[in-house]
Structure formats: structure tokens, C-alpha cells
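Below is one structure; the comments refer to it alone.
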Amino acid sequence: MTVSVAVIVVAAGSGTRLGYSLPKALVSLAQRPILSRSLDPVFALEREVQLVVVVPRQHSALAEQIVRDTAGRASTSCSIVVGGVSRQESVAAGLAALEPSIEVVLVHDAARALTPVAQFEAIIAAVTETGLAAIPGLPVSDTIKRTDGFGRVVATVDRSELSAVQTPQGFPRAQLEAAYAAASGDFTDDAALIQTAGHDVTIISGDPLAFKITTPWDLRRAEQLLADAAPLALPRTGLGVDAHAFVTPAAGADTAAAPATVDSASGGARPAAAPAAVDSPDVAPGTTKELWLAGLCWPGEPALVGHSDGDAVAHAICDALLSAAGLGDIGSTFGTSDPRFAGAHGDVFLAETARLVAAAGYRIGNVSVQLVAARPRFAARRAEAEEVLSGILTAPVSISATTTDGLGFTGRTEGVVAIASALVYPR
Ligand SMILES: Nc1ccn([C@@H]2O[C@H](COP(=O)(O)OP(=O)(O)OP(=O)(O)O)[C@@H](O)[C@H]2O)c(=O)n1
Ligand SMILES: C[C@](O)(CO)[C@H](O)COP(=O)(O)O
């Protein structure tokens, strides 16, 4: 396909007024070099163009790398040349790199890094349709005075006649090349050369976002505008449920000491079947001999069956956090075949889950757990459990507990259920 439009991006200036040791185009603007950001609208153009980037002689290798990285697969459409000591010399170097097929040339300052793609499209359309030079400009809003150069006002200029001009400036190629070949002075923009050569220049409406990053204040302002435009990083929620059975009574075990079920809210009690406290033949290989729940050991309480310590509260929290961070669930993350987790306590899973969540780029907001259990009596150790779990996750964990008034397997003291919800924030 023949390409008829070229965009010359001049990036060879030193940026004296910005005051960095690096050339201005290589200075970072919200984590990316100004040069890279200035190329975004060029690569957003619907039509393919020849991109000519004019880079500073010093650091030319770094500048070339930035252009190649930004261009990616479009690198083949890029020409990179070294600039001169003035802007005009840099543009001349860019003109020398144009492909023979080019008919329309846009010249753009890398320093106008936030220029919208629509401004490029409008200039291309204006030059193509009229065959004349077209430049973007904004009305001047301040009152402008002419001075004698020594601080004395000579006259008030009629500002309705004025326009503050920006880039990209667009030209028929032949006009621009001839104007540069005939140039006898140094001009601050390309339209001035065209006019001096006797051609008309049309002004179309510019965009305030196309302002030139010249001073440290301009750079800070550009950073702020990018931050304001960034999509809001929304928090994510996750849900986790886990149930574990109490170890079953061993044959002939004494069930007389069946605990009363306790509703932490109502204090209501009813008799329940007794789970065995220890050494059940049905216990899974890693099952501990004591009850571990919500990160705490509960001496005298029957253990929960599980490959690990059966801490349903800890496991439900892991599922909620992994799900919130889009990391699957506890089964897919830890796996019951992994001997490292046989008999492991909840803190091992929680600490590793917190590490994975952080590595995935999330910060834990909070975790809330509902424990459904006839035993143990949870309310008395709620604060202790919350402190332990919050410490492991370095985020607030709150736990509420309830019974089911004797209903279902939790009511019959066959096991416990924990339901957790988690909130995580993208960092
Ligand atoms: N010898 C030069 C001078 C300027 N430019 C480019 O022309 C644009 C407009 O120039 P300006 O913003 O004034 O940049 P500097 O000349 O680098 O700034 P200063 O005058 O503060 O040194 C910039 O994208 C700049 O990189 C260029 O390519 N070659
Ligand atoms: C080309 C230009 O951006 C138009 O406003 C401007 O003249 C270049 O800036 P400089 O500081 O005069 O080099």
C-alpha cells in the first residue's frame, strides 16, 4: 500500500527551560518518556503514515529504543534521524528522510505530548481537502501589550487578531520542501517559513490539551491530566465457604459428655451428639488432635477432620481472597496432595494467600467471616481470633458466629461451616 502522509515528530531539543540533565523528550511523564507518549496519537491514526522521529544526537540510542518499543509491530513504518541545533534544522533533517510517495507532511513537537489524535486527523483532512497549509491555533485570552523591550508598554495589541498556534502543522510536501530550501532565517515554526515563501496558511481550532511541555509546571500539569483521565481502579470482592466435620466418635466412645450447642447471639442451648475429641479411626492423615479454628487452638474441643488442621474459618478466608484477586481457590492453589500442607495450620495458608494476593497487585481491604457452629463457644474468644487473623493478613478481619438452633449438621454438632467475604483493592 502506498503511504501518502508523513508525520515528522521533532524530539531533538535539549529542554533547557525544563531543567533536566536528559533531553526533554526522554524525561518521564507518568512512567513513560515524553517521546513515547507523543507518539500515541500517531499510532492511533486510522490511516497508515510514515513516521519520522527526529532524536537528540546525545542519547540517540536510548531515543531510538523508545521509538521502537512504542512502535512495536509498526516499527517498519518508522524512520529515525538525528536532529540539529535548532528546531528548524531538526525539521530539515526529518524532511530529508521522507519516502518518495509522501504528499502531505505534518510536523509535530514531541513536547506537545498530550495532543489528541483528532487534532492530527483534522490537520490531515484540512491539507488534503484544500491543498493549503493548515495549523491548529487557540484564541488568546490574555490582554497582550507591545513593549519597547525595556519594560515600557508601547501599545495594546488587538487580541482578536491573534492566535496561539500549536502542532501538528500540516503542509503539502512540495511547498514545505521548497520553503525549507529557500529559508534565509531561523523561524520558531514551520508555518512562518511557508508564509515567508508567499503561501497561504489556514488556522483551524486547536485543543488546550496540545499545550507544549516547556517548564516543570507544564510537566506536573501533564501528569495531573493523565492521572485524572486514568480509569478508576475498582475494588473487587470475593466469597469463600468451607465446612469441616468433627472427628467421629470411635467405637465405644463415651458420648455422655455431649456439649450443649451455643448460639453466640442468643445463648440458647440444646443437647447435641458428641464428636470424639481425639484419635478417631476416621481422621484424615493430616488431621490434628485438637480443634484449630479461626487461627486459634481450642483445648478440650474435638478436632475437625481435614487434610490440614480443618480450620474452616481460615480456609473460607483464603477462598474469598483468592477469588477476589482472580486467583482461583484454595484447592487449585494449594492442592491436597502437597505434603507441605498436611496438618498445616490456618496461618500457613493465610500468609501464603496474602503473599499471592499482593503479588497479583492487590491490597486487602477487609475480610468478614460468619461462623456457623454449635461449638466451640466462640464469642468469648472473638477478639483474640480477630487479632490473630488481622495480624496475619495485615488487614481487618471481623468474625461473627451463630448456631442454627439445632438444625442441620452444624446443629447436630457434626461439623462447622464458615462463610467469608473479602474486599481487595488494585494497588
Ligand atoms: N534543536 C531542536 C530544538 C527543538 N526541537 C524540538 O522542537 C520542539 C519544540 O521545542 P521546545 O519545546 O522549545 O523544546 P526545546 O528547544 O528542547 O526547549 P528549550 O527551549 O527549553 O531548550 C520540541 O519537541 C523539541 O524537542 C528539536 O527537535 N530540535
Ligand atoms: C512550533 C511551536 O510549537 C508552535 O507554537 C513553537 O513555536 C515551538 O516552540 P519553541 O519554544 O519556539 O521552539
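Keep in mind that glycine also has a Cβ here, set from the backbone N, Cα and C atoms.
No curator has checked TrEMBL annotations; they are predicted automatically.
Quick look at what TrEMBL lists:
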BINDING   D242, H244, H315  divalent metal cation binding site
BINDING   D242, A243, H244, H307, S308, D329, I330, G331, T402, T403, T404, D405, F409, R412  4-CDP-2-C-methyl-D-erythritol 2-phosphate binding site
DOMAIN    288-424  domain '2-C-methyl-D-erythritol 2,4-cyclodiphosphate synthase'
REGION    1-235  region '2-C-methyl-D-erythritol 4-phosphate cytidylyltransferase'
REGION    236-427  region '2-C-methyl-D-erythritol 2,4-cyclodiphosphate synthase'
SITE      R17  site 'Transition state stabilizer'
SITE      K24  site 'Transition state stabilizer'
SITE      R159  site 'Positions MEP for the nucleophilic attack'
SITE      K212  site 'Positions MEP for the nucleophilic attack'
SITE      H307  site 'Transition state stabilizer'
SITE      T403  site 'Transition state stabilizer'
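Where TrEMBL records a feature, it is marked here on the structure.
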residue : record                                                 : Cβ contacts under 8 Å, 6 or more apart
K24     : site 'Transition state stabilizer'                     : G13, S14, G15, L18, I34, A110, A111, I213
R159    : site 'Positions MEP for the nucleophilic attack'       : P139, V140, D142, T143, I144
K212    : site 'Positions MEP for the nucleophilic attack'       : D109, A111, R112, Q166, D218
D242    : divalent metal cation binding site                     : A312, V313, H315, A316, D319, I330, V417, A418
T404    : 4-CDP-2-C-methyl-D-erythritol 2-phosphate binding site : V372, A374, T410, G411
F409    : 4-CDP-2-C-methyl-D-erythritol 2-phosphate binding site : A245, G415
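Here the domain '2-C-methyl-D-erythritol 2,4-cyclodiphosphate synthase' (288-424) is broken down by DSSP into helix, strand and coil counts: 54 helix, 34 strand, 49 coil. Across the region '2-C-methyl-D-erythritol 2,4-cyclodiphosphate synthase' (236-427), mean pLDDT in this model comes to 83.
Burial estimate for the recorded positions (R17, H307, H315): highest at H315, by number of other CB atoms within 10 Å. Taking the mean position of the Cβ atoms of D242, H244, H315 as the divalent metal cation site, the remaining same-chain residues with a Cβ inside 8 Å of that point are A243, L304, G306, G310, D311, A312, V313, A314, A316, V416, A418.
Taken residue by residue with DSSP, R159 (site 'Positions MEP for the nucleophilic attack') is part of a helix.
The Cα of S308 (4-CDP-2-C-methyl-D-erythritol 2-phosphate binding site) lies closest to that of H244, out of the recorded positions R17, H244, T403. A gap of 67 Å separates the Cα atoms of T402 (4-CDP-2-C-methyl-D-erythritol 2-phosphate binding site) and R17 (site 'Transition state stabilizer'). Per Cα geometry, H244 is the residue among the recorded positions R17, H244, T403 nearest to H307 (site 'Transition state stabilizer'). Listed binding-site residues: I330, T402; maximum Cβ neighbour count within 10 Å falls on I330.
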